[in-house]
Amino acid sequence: MVGGGVIRQLLRRKLHSQSVATPVLSWLSSKKANEDAGSAGLRAFALMGAGITGLLSFSTVASADEAEHGLECPNYPWPHEGILSSYDHASIRRGHQVYQQVCASCHSMSLISYRDLVGVAYTEEEAKAMAAEIEVVDGPNDEGEMFTRPGKLSDRLPEPYSNESAARFANGGAYPPDLSLVTKARHNGQNYVFALLTGYRDPPAGISIREGLHYNPYFPGGAIAMPKMLNDEAVEYEDGTPATEAQMGKDVVSFLSWAAEPEMEERKLMGFKWIFLLSLALLQAAYYRRLKWSVLKSRKLVLDVVN
């Protein structure tokens with residue numbers, strides 16, 4: 001009896017301790033869950049803040065990169081960029097007219113001769129007449145002196161300045177580049193030149209351009225010494241084409257593209273001829289492989305060994 005009473009007392013104490021511990025454990029578990037939820041919310045908020053900060057910093061870096069290297073210019077459908085496409089020679093002639101009347105006062109094309117224009121934009125008589133309009137310093141003569149003479153087809157297009165120092169002095173320290181290879185010397189050359197010529201605009205709010213420079217987002221740094229040169233009706237085309245800003249930009253870029261790659265049409269034609277000849281050679285090789293060599297390759301020799 002005494003042993004049974006002791007056992008019952010021990011059981012009651014154990015049950016009582018479990019009943020007291022259960023609310024405590026539930027309170028601790030709920031507290032831990034609340035703390036986990038709060039820490040998860042803080043982590044999510046921190047990640048969101050880091051993402052927003054990263055986006056803002058990325059946009060800032062992108063804006064700084066555009067300001068430093070120039071705005072990325074769009075791609076335009078130039079008609080001579082096709083595999084078998086050729087230059088628009090009427091556009092080249094108009095582009096040369098734009099170069100003569102607008103660009104030649106500052107920019108040179110020292111790699112182009114008048115004879116290069118024959119058969120491309122002008123007849124031989126027209127090119128000779130243009131060359132005769134300039135005076136070229138030549139010599140020495142029999143007396144050892146230099147002299148001037150009318151230009152010939154073999155002469156290069158005239159340069160506006162005698163040297164780089166004179167060019168910089170006339171342009172406020174800026175040096176106008178030679179345009180002979182400009183579409184190959186610039187990244188995305190044709191599109192860049194067209195976007196640069198037609199991309200002048202007023203500077204946005206908060207950007208100041210110092211005196212003597214002009215805002216152009218396509219030029220590295222956004223400030224260029226060359227003013228806007230292409231304006232509607234600035235040139236009167238010989239063929240009556242409306243001389244809009246976009247038309248003049250397209251024509252002068254066509255002329256500069258030809259100047260940089262005058263052999264493009266011949267290269268494309270030669271490539272087409274080689275592809276045609278190699279295709280015939282491939283067909284002939286396939287014929288001999290299938291009907292001649294395969295017969296020899298599959299032939300078996302039988303040796304009759306006589307004992």
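Cβ coordinates are placed from backbone N, Cα and C, and glycine is handled just like the others.
The transit peptide annotation in Swiss-Prot covers 1-64, and the record cites sequence analysis as its basis.
Here Swiss-Prot flags 65-270 as topological domain 'Mitochondrial intermembrane', drawing on similarity to another entry.
The domain 'Cytochrome c' annotation in Swiss-Prot covers 90-197 and rests on sequence analysis.
What Swiss-Prot lists as transmembrane segment is 271-288.
Taken from Swiss-Prot, the feature topological domain 'Mitochondrial matrix' covers 289-307. Broken down by DSSP into helix, strand and coil, the topological domain 'Mitochondrial matrix' (289-307) contains 10 helix, 0 strand, 9 coil.
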Subject >> the topological domain 'Mitochondrial matrix' (289-307) [mean pLDDT, rounded to integer] >> reply: 74
Original post:
What else in the chain is close to the topological domain 'Mitochondrial matrix' (289-307), if you only count residues 6 or more beyond its ends and a Cβ gap under 8 Å?
Top reply: none
